[in-house]
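Peer 1: Take this structure first; my questions come after.
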Amino acid sequence: MASDAVQGEIRQVRPKTEGWKQKLDTDGRPLLQFASPKRGKPPEHLADFTADERAAKITELGMPAFRAKQIATHYFTHSTSDPAEMTDLPAAGRAELVAGLLPPLLTELRRLETDKGDTIKFLWKLHDGALVESVLMRYPGRITLCISSQAGCGMNCPFCATGQAGLTRNLSTAEIVDQIVRANRVIADGQLGGKKKTDHSMERVSNIVFMGMGEPLANYARVLRAIRTMVAPAPDGLGMSARGITVSTVGLAPAIGKLAAEGIPVTFALSLHAPDDELRDELIPVNSRWKVDEVLDAARAYFDATKRRVSIEYALIKDMNDHGWRADLLGEKLNARGRGWVHVNPIPLNPTPGSIWTASEPDVQWEFVRRLEAMGIPTTLRDTRGKEIDGACGQLAAADETA
Ligand code: SF4
């Protein structure tokens, strides 16, 4: 592990794990896991299928195809899997039918509320005991849910508590979608802040960020199916706007290209955190596969294909990646790829006293922003709403909790 060094007057802290040992591959580099370990498959669920596949399944069961739409309406629109609420279905065999199509996928183990109830963090247990999190946040005019795409993660970032345990498995499409349906139920039941209003029945999650556990582009096929269900109009899906869905990656360049070609204009965010390969190789081990320039090219190509402005996420970590020259280098690299295609979101890391992973000083944060803005790059210093969720993939906070 590299030791701290001094570059001129500026301290350079090198990334390293604290309290855990990073798994290495045979070449002694941080291990990257792209393939999901084989485990018992989660039960098949209505949300795993497209509308046509659902209709075909119902017909196979000897029922008219419109029953599929009725059940989908209960699940996606009314956020329920309870047969007792589905009185438009024939009573005979209803419980068995619903149990087969809407098996329980997520068991709520724990709920943490912060921000006076406006932020709720859920810990879910999956059918095989694997654990994932989602975080629900009420903002003025929108409700955002941060969701997980994998149990664990194979990207092995040294700051990340999720990464240290490696990849447990990919989530199924329905396990991804069900995080949203469960959150919609919580909102409809009036359990998310905003207590003054009495009727929450019309409120739903409006924005999704794939910044919970996992690297979404490493579970590409299931994540894409889940997104298609999110944007499918009711009753076939959740009827959400693609613009309100943010897919965030540490930089799997070929998959970024694939996403750009899907024709679904989701918002794309690249967790960059360093503009130079020397630091990023250590901070984000997948950088050993796809270098800074290659992922920035892929991000620019995403903009060209979708006309959606790309977000660059940059966690400001004291003395590690917050130097003025790095802001300048980032600005140069972004401007070299054109104007108006990107904005930068620096996010001060939550302070962790005594850790090398700690927040930049406020004057350093503002200097970083100032330098980018001086180069004409729109830059927004993000707040650290809901202490649990800020950071790279939402997981800097997990490191925070365990440090
Ligand atoms: S920071 Fe994100 S990509 Fe890196 S190990 Fe953690 S969850 Fe995976």
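Backbone N, Cα and C define each Cβ position, glycine as well.
Copied straight from TrEMBL:
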- Glu133: active site, proton acceptor (ACT_SITE)
- Cys393: active site, S-methylcysteine intermediate (ACT_SITE)
- Cys153, Cys157, Cys160: [4Fe-4S] cluster binding site (BINDING)
- Gly214, Glu215, Ser248, Ser271, Leu272, His273, Asn350: S-adenosyl-L-methionine binding site (BINDING)
- 11-28: compositional bias 'Basic and acidic residues' (COMPBIAS)
- 139-387: domain 'Radical SAM core' (DOMAIN)
- 1-28: region 'Disordered' (REGION)
Peer 1: For Glu215 (S-adenosyl-L-methionine binding site), just count the other CB atoms lying within 10 A of its CB, please.
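Peer 2: Glu215 (S-adenosyl-L-methionine binding site): 30 neighbouring Cβ atoms within 10 Å.
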Peer 1: If you count Cβ atoms within 10 Å of the Cβ of Leu272 (S-adenosyl-L-methionine binding site), leaving out that atom itself, what do you get?
Peer 2: 27
Peer 1: Within the set Glu133, Ser248, Ser271, Leu272, His273, Asn350, which recorded positions show a CB-to-ligand 1 distance under 6 A?
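Peer 2: Cβ under 6 Å from ligand 1: none.
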Peer 1: Comparing the binding-site residues Ser248, Ser271, Asn350, which residue's C-beta has the most other C-beta atoms within 10 angstroms in this structure?
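Peer 2: The most densely surrounded of these binding-site residues is Ser271.
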Peer 1: What is the number of residues in the compositional bias 'Basic and acidic residues' (11-28) that are helix, strand and coil, as DSSP sees it?
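Peer 2: Summed by class, the stretch gives 0 helix, 3 strand, 15 coil.
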Peer 1: So for Cys153 ([4Fe-4S] cluster binding site), how many other CB atoms are inside 10 Å of its CB?
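Peer 2: Counting Cβ neighbours of Cys153 ([4Fe-4S] cluster binding site) within 10 Å gives 28.
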Peer 1: Tell me whether the residue listed as 'active site, proton acceptor' sits in a helix, a strand or coil according to DSSP.
Peer 2: strand
Peer 1: Closest of the recorded positions to Gly214 (S-adenosyl-L-methionine binding site), Cα to Cα, picking from Glu133, Cys153, Cys157, Cys160?
Peer 2: Cys153
Peer 1: Of the recorded positions Glu133, Cys153, Cys157, which one sits closest to His273 (S-adenosyl-L-methionine binding site) when you measure Cα to Cα?
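Peer 2: Among Glu133, Cys153, Cys157, Cys157.
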Peer 1: Tell me the coarse DSSP state (helix, strand, coil) of Cys157 ([4Fe-4S] cluster binding site).
Peer 2: coil
Peer 1: Using Cα coordinates, what distance in whole Å links Ser248 (S-adenosyl-L-methionine binding site) and Cys160 ([4Fe-4S] cluster binding site)?
Peer 2: 15
Peer 1: Would you mind reading off the Cα separation of Ser271 (S-adenosyl-L-methionine binding site) from Cys157 ([4Fe-4S] cluster binding site), to the nearest angstrom?
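Peer 2: Pair distance, Cα basis, whole Å: 12 Å.
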Peer 1: Measuring Cα to Cα, how many Å separate Cys160 ([4Fe-4S] cluster binding site) from Asn350 (S-adenosyl-L-methionine binding site)?
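Peer 2: Between the alpha carbons of Cys160 ([4Fe-4S] cluster binding site) and Asn350 (S-adenosyl-L-methionine binding site) there are 13 Å.
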Peer 1: With every protein chain in view, what's the tally of Cβ atoms within 10 Å of the Cβ of Glu133 (active site, proton acceptor), excluding that atom itself?
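Peer 2: I count 24 other Cβ atoms within 10 Å of it.
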Peer 1: Nearest by CA distance to Leu272 (S-adenosyl-L-methionine binding site): which of the recorded positions is it, out of Glu133, Cys153, Cys157?
Peer 2: Cys157
